[in-house]
Amino acid sequence: ALVWYLSESEDSQALHTTVHYDGLYPGHIITTPFQKALLAVGSGVVALQDPYRHDMVAVLGETTGHLVLINLRDRMRNDPEGYTVLTERPKIRLSTLDLEKMASLPDGSFGREYLRFLEDNEVTPDSRAEVKFVDDEELAYVMLRYREVHDLMHTLLGMPTNMLGEVAVKWFEAAQTGLPMCALGALLGPLRLNTRRLQSLFTSLGPWALQNGWQARCVLSIFYERRWDQSLEELRRELKIQPPPVDFTKRRKNGR
């Protein structure tokens, strides 16, 4: 539980905090509905000011997504591959990835393109925060799995990590998952785009992301760790994800 207490000294009143965990899983912090509401408001305000504060985005997601996580969990349970993911609980970390094997895969394979995404954008799957405020052990894993496959969504959708790419992925994730934090990011993210990128979002990337999010198979139900050698194009077809209308790979090579 998270315990706050006040103690008085001779000269002043000091605020002390002790934290000890007796929750449902390692790192779980027990909170009341009122505390969750405070955390949601506070993290939401910070996340709106700085969308790159991933810690605040994480707290916002955990404190507002309970009902949606139940729905996502049920979708995974009703999918044979998703049920296996829920049962085996794989994690995507550098310690669980065979980077040498992935690097040896042919261009166009899902594993090789995911590794290229990590290298090109200088990101790591280890940056994903552990779940703390979800009051159900299985739902906590669903939330963690969502976070860990976020970079895989960038790979599947062919989106870079700039603001336009992040907003497009959020539009896809909002339609695909229904998580409130994704919807909030999808609504407010465009406010940070310039006119040219806004036009690109509303005329091509946005409608494409929404359509694919609605029609695609549940992206949490895929055991990606067993599909590294699968063709990216084949995996897209299986998931009913259309190729992006803008090829950012070519743009990057041309320096644009």
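Cβ coordinates come from backbone N, Cα and C, glycine included.
Pulled from TrEMBL:
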BINDING   His150, Asp151, His154, Glu166  Zn(2+) binding site
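TrEMBL feature annotations superimposed on the structure.
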residue: His150; record: Zn(2+) binding site; CB count, 10 Å: 19
residue: Asp151; record: Zn(2+) binding site; CB count, 10 Å: 21
residue: His154; record: Zn(2+) binding site; CB count, 10 Å: 22
residue: Glu166; record: Zn(2+) binding site; CB count, 10 Å: 19
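What surrounds the Zn(2+) site, by Cβ distance within 8 Å of the Cβ centroid and not counting His150, Asp151, His154, Glu166, is the set Val123, Leu152, Met153, Met159, Thr161, Gly165, Val169 from the same chain.
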